[in-house]
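Q: Take a look at this one; I'll ask things after.
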Protein chains: 2
Amino acid sequence: MNTKNYYSSDFRLGIVGGGQLGKMLLQETRRLDIGTSVLDPSEVAPCRLGSNEFTVGSLTDFDTVYQFGQNCDVLTIEIENVSVEALQKLEEEGKKVFPQPHIIRLIQSKIRQKNFYKENLIPTADFISFENKAELMTAINKQQVPFPFVWKQSTGGFDGRGVAMIRKKADLETLPDVPCLAESMVPFEKELAVVVARSANGECRSFPTVEMDFHPEANLVEYVFSPGNVEEAISDKAQELARMVAEKLGIVGILAVEMFLTKDGMILINEVAPRVHNSGHLSIEGNVSSQFEQHLRAILDLPLGSTETIQPAVMVNLVGDEDYTGPVYYEGIEEIMALSGVYVHLYGKAETRPFRKMGHVTIIDPDLEAARAKARIVKEKIKVISQ
Amino acid sequence: MNTKNYYSSDFRLGIVGGGQLGKMLLQETRRLDIGTSVLDPSEVAPCRLGSNEFTVGSLTDFDTVYQFGQNCDVLTIEIENVSVEALQKLEEEGKKVFPQPHIIRLIQSKIRQKNFYKENLIPTADFISFENKAELMTAINKQQVPFPFVWKQSTGGFDGRGVAMIRKKADLETLPDVPCLAESMVPFEKELAVVVARSANGECRSFPTVEMDFHPEANLVEYVFSPGNVEEAISDKAQELARMVAEKLGIVGILAVEMFLTKDGMILINEVAPRVHNSGHLSIEGNVSSQFEQHLRAILDLPLGSTETIQPAVMVNLVGDEDYTGPVYYEGIEEIMALSGVYVHLYGKAETRPFRKMGHVTIIDPDLEAARAKARIVKEKIKVISQ
């Protein structure tokens, strides 16, 4: 088989993880009729539809992932929490695995990730790492870690979990006994993100710098604005930093780089994800190529697409209302569909739970301010509840 | 069940026909997580993926379509050649069927369609209809039908089949013995099309007037340009006519209206399709809402979307090269993917045949001339062949 004959052929792209990120990736593989095989532990995962093959199985079990990968030509992930060992073995045996397993391993651990920034002189908030809670407590008692600080568990944190603001000793009580970081609290002005794609041949393209607004309580992205409302010099610096991280990592595929813009104009890397990312969803409608198409292009060694802005965009996450659990009902959805340039994406989850990511809405408008105004209406009108 | 709870629920939209039009409709049902059930005679039809249920069966067999429809809440079609009788019975039994079966029946027959235009004073080329070939021959012998004329079989014509230019008696020899039309040859300047959507509540929105260029031999659309390069007054007239046809029909769903712009500035209706249409594919990237999303909105009684142009667009059909039959290979696809604003859509057909519709490419650019130039490159570079 000609390895570049991906289209309407026997070629199989394996996707480890079958959630919403995979689902949006499948929209692109369907458009190009690229065959896919998806692994997910849930038989009702969003990717159960639209994939050529769908396998139910654990993402963290070595044998399951290894078996799964053997029937694929190229492998990718849509979540970091996977058996890197299995991917590594597949890679050693000649499979193309992108992002490369050693990069997934590095990023899986916040301690390794922060050490990587330090070693590569990539600006990031100061930190100290601890192997367990006892080590952390000892350091605090010796006053080596001043309050306030940000506690982050090294592995397994996701969607706002595994992070805590520690202002006083009492806040430490509920923390689990796991490897962790104590990070200086950064007095930031804004949170920015840049989604970068890098191909095996070294071609590198980044999407415009976006600005993220977080829900104060759930620590989930609430709004994303593209382009971000920052000076050009700041945006350029963010772009440069993001590409630098992608290149130092040598990643193949999408890398999402989250940054803090400090009150004194510095940019610090917060964290990165070696995959398509919430901060890039608005590229589906807002940019010439979407991050999902771009990821496919990067991992399949196709020419990267243009990341140019078509229209300014705002993204609103649709998360489950905190008071409802059960079969989902999207109250007000028709009212927002009546607005021009409003695109509703539902992830295909039948059950809602407090703060569960159920979908997102992208609003495009030639005028970013008009898009922002519509986003506020969207936020106000739609409720993810259960009847 | 609340009938408007389409999303991530038990609601089922039945689609009769599982080809490329259905496949592009499924991209929208997946985005909104609206459940679908598709019927198609081929087990390798493009809609085999992305639908919640896929049934293999004849579209023209009464029992098959009737059985299929009973498990759906709303029914639609992606091809006209279906058992209208089954749809009619389902409608009588209370199912929502859009477009309405009596409109499908009317449009299935070119004779009925042309009579409808005549009765409703809708401008169209002059014609005479015949029940069989003998009737046609008699009229020709009596010199009631002057050469040249356009012969059209009344039913079953599709993608350029069932139409012939008749310049002399010898051209008649190979014509089948079927009900047919003899239509005056219209000395046209351009072929235009307008895609209109109409909801059950009467809301009506049309997409910008597009211009179509046909392949002279295969009689298939080769290029579509949006907006069409015509004076505003002409475009307005085309819009008005298209809406008039939709309203006179009382259709619910998308109606694609193909028109001739004659050399003396008249607009004549050529034919209509009661479904999403090749002339509207470029709305996926070129307009705020696509024709596929709009069709869903219309048949599900949701507010219609904006049809505004985001960027001028050109569409190029990808049809099988006339010299190849066999497993498809898209030669040159990477070269065209390297161009900015070029979107390849492959329909998921494993086998190519001469002139088989295999996909399309949409090119968007802020400047229509630049998009046209890119379209020429696309046309030149890509070949649908077999290795």
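Using N, Cα and C of the backbone, Cβ positions are placed for all residues, glycine too.
Pulled these from TrEMBL:
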{"type": "BINDING", "residues": "B:K110, B:K152, B:E183, B:S184, B:M185, B:V186, B:E191, B:N270, B:E271", "note": "ATP binding site"}
{"type": "DOMAIN", "residues": "B:114-300", "note": "domain 'ATP-grasp'"}
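Could you tell me the structural context for the features on the list?
A: In the three-state DSSP classification, B:E191 (ATP binding site) falls within a strand.
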Q: Could you tell me which three-state DSSP class B:K110 (ATP binding site) falls into?
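A: Helix, per DSSP.
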Q: Out of B:E183, B:E191, B:E271, which of the binding-site residues has the smallest number of neighbouring Cβ atoms within 10 Å?
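A: Output over binding-site residues B:E183, B:E191, B:E271: least Cβ neighbours within 10 Å is B:E271.
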Q: Check the domain 'ATP-grasp' (B:114-300) for me and report the mean pLDDT.
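A: When the pLDDT values over the domain 'ATP-grasp' (B:114-300) are averaged, the result is 93.
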Q: Greatest CA-CA distance (Å) over the residues B:K110, B:K152, B:E183, B:S184, B:M185, B:V186, B:E191, B:N270, B:E271 that the record ties to ATP?
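A: Pairwise Cα check on B:K110, B:K152, B:E183, B:S184, B:M185, B:V186, B:E191, B:N270, B:E271 gives a maximum of 18 Å.
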Q: Other Cβ atoms within 10 Å is the metric here; tell me which of the binding-site residues B:K110, B:M185 scores highest.
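A: Its Cβ has the most other Cβ atoms within 10 Å: B:K110.
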Q: Using DSSP with the three-state reduction, classify B:M185 (ATP binding site) as helix, strand or coil.
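A: The residue in question, B:M185 (ATP binding site), is coil (DSSP, three-state).
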